[in-house]
Each structure stands twice: as C-alpha cells, then as structure tokens.
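For reference, the structure discussed in these notes is given below.
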Amino acid sequence: MAAEIHARPQSSRPVLLSKVEGHQDAVSAALLIPKEDGLITASEDRTIRVWLKRDSGQYWPSIYHTMSSPCSAMAYHHDSRRIFVGQDNGAIMEFHISEDFNKMNFVKTYPAHQNRVSAVIFCLGVEWVISTGHDKCVSWMCTRSGNMLGRHYFTSWASCLQYDIETQHAFVGDYSGQITLLKLEQNTCTVITTLKGHEGSVASLWWDPVQRLLFSGASDHSIILWDIGGRKGRTLLLQGHHDKVQAICYIQLTRQLVSCSADGGIAVWNMDISREEAPQWLESDSCQKCEQPFFWNIKQMWDTKTLGLRQHHCRKCGQAVCGKCSTKRSSYPIMGFEFQVRVCDSCFESIKDEDRTSLATFHEGKHNISHMSMDISRGLMVTCGSDRIVKVGLVYRLHN
C-alpha cells in the first residue's frame, strides 16, 4: 500500500497498516485527523464518517452522518475542527466536530455551484471557502455570512484546486488540460496566467508555498512541475504511470513527490536532484537527421521521386526524425522518462548506462485510487477509490 521512504528513495515492500471498509459506494475523499488515530471519509453513498482507531487496532465509525446528495469533495481544518463537504448537487455543507470526535453539528449550507463540486479549500485567515465545480467555475464564499463573494467561469469543467494563502492566488485545473492562475479578492478576481502543457484533463494539483512549486497530474498519465517562483517558465515532465494521475503530494522534508494513479500505482519521485527539462518538439518538413521528406512535403517528394515518411520526435533532443533514424528506445530518468521512449539513434548512443538509473520507486496500492492525502508529520498516507475501500499506510519513518 505504502512504502518506507528514505532521504534517497529505495525500493521496499509497500506496508499496509489498516484497511477500512463499510461504505456502500465509491469513497470520494479520506483525510487523516492530525495528532489523532482517526480519519474522516466522504462517499458517493451520501455519508460522512469519522473513524477512530480502537484498542484492537481496527477503525470503527464514531460518527455516521447521511447527506441529502452524494459527497464529492471534502476539506477539514483541524485547529477549528470544521469540515466542509462538497456534494453532487453543487452545495457545500459545513459541520463542526466535537473535541472527542463523537458528535458532529451542522453549521450552514453554501450554495456554491450549480453542479457537482470537484474540490473544496477552507482558508481560516480570510474566512473563505473556495471551491471548483462541474458548472465550469471557481467560487469563493464568506464563511461568516454565508454570502457569495465571487465566481469565475472557465470553458470546461473545473476539476481541481490549490490556494496560496500569502498571495491569495488560486490554481484551477480543468478538463481541457489547462491550469489557470487567479488572484482572488473580496468581490473580484484577476487572471494572472494560464499554464498549458498537459494533453489530457488535469486531475490533481499540489502547491508548495516554500519553494513556490506547482505540481499537476493529468489523464495523459504525466506529471508536470511548474516553477512558479523562478518566473522563467521552467517546467519538468515526469512520466512513470500507466493511468490517470489522480493524486499528488510533495514532501518538503525529504524533497520527494508521491503520486497515485487510477490503476493503483504509487510512485515516489526523488526531487532532491537537478533534473533536466524535456525539450520542445521541433517542427520540420523533412527528417532532421537524413533529410528525407515527411509525407506532407509534396514538393520535395516530387523533386526527389521518393515517398514521404511519417514524422516522429526524439524525446531527448526534440528533433523531428523519421522511423529509420529513431529505431531505438531508452529510459532517461533525469528528464523524467522512467519508461522507454523514442530517441534518435545519435541520442541513444550518448545515453550511458548510469543515465538510465531510475530516480523514482514504484509500488502497487492494489486498489483503484481516486484520492490520496498524507499526514507528513507522521509519515502516513491514506488512499481511497471506487472499490469502496480506504487504506492507511506508512510512507516513511522519521529518524532523530
């Protein structure tokens, strides 16, 4: 389920600590309760449950609350013990949990969206609840008054959300593959920029406010690191999953990124090294190695009396090449390619055996993972998904 992580990632057998079962439908979100042996789950079966670990080592529900609509997203603020649950009908409901985690009181309902809520964040400093939804918008509401402060619409479903408290910047990923950076204010917002790089819908985001790095995972099976703080447009590509990347978490303590995909794959990426940017793909009407024309280059095909060739790209140098000039495949982890990818023959010769050493470890969660969260202080991770099972695992141990 989860693996022990060292300062340099080493392969080890995943360690499952607990398996929590009981939901009747897919579990949308599961969050560990800080400083407590407990967790909170929200499910498509319309229930919110708080589970506490008993002396037997098993988790048992201490709170079981049924909602009016399937639960689709959740945020929990431990210091104030406030829960915000997004629902399929577009509403967000706020609850307050008692100190002993045995009672939950309803606070208020926020009419945030007209369709399914995809992500919720609560910011205590400004008393805002920020959310995204399948009505193609991000909304922010005042938790004191319950009033809507602002909305911003996109061209496609808004799927995931991160928020920087210091700058009041929101990052919104959507189904078109774009990430929009917005500055939210009391009754308005400003679009700062749009990040484009994914070839599929953005499913997960993680913002690290210390290094000012944004990580995004998408249905194109890839992860992109966006160096927001560097202001130079630097991006790093990470490819190691076989399915949609549903959840990501960056661990500042060990400089590692943990990512989970829909097929149950869990990857731990070593980010404490100097990685290389993948090159931009070059465009050409003929192979940049042998100069044979590509199939749309009618003039050169006619002049040379040859058939046009299909265009490919070398993942290491970015040059446009034909199949005959790119017969080799190689992994190249320093550039994020943990799988074997197409490279031109000259780049293949330049890659040494040590260049192929993996910079990530891969593990099997052994269940569909649609959501993951971590308690970094304790090295714990919880995953959940459509198989209705919640798994709690040890990710790493802290050494004094």
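Cβ atoms are placed via backbone N, Cα and C, with glycine included.
Pulled from TrEMBL, these are the features on record:
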DOMAIN    281-352  domain 'FYVE-type'
REPEAT    20-51  repeat 'WD'
REPEAT    195-228  repeat 'WD'
REPEAT    238-279  repeat 'WD'
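Here the domain 'FYVE-type' (281-352) has a mean pLDDT of 89 out of 100. When Cβ-Cβ distances below 8 Å are used as the criterion, the repeat 'WD' (238-279) is approached by residues 1-3, 5-9, 14, 200, 203-206, 208, 210-211, 213, 215-219, 221-225, 315-318, 334-339, 341, 359-374, 376, 381, 383, 385, 395-396, 398 of the same chain, each at least six residues removed from its ends.
DSSP labels the residues of the repeat 'WD' (20-51) in these numbers: 0 helix, 18 strand, 14 coil.
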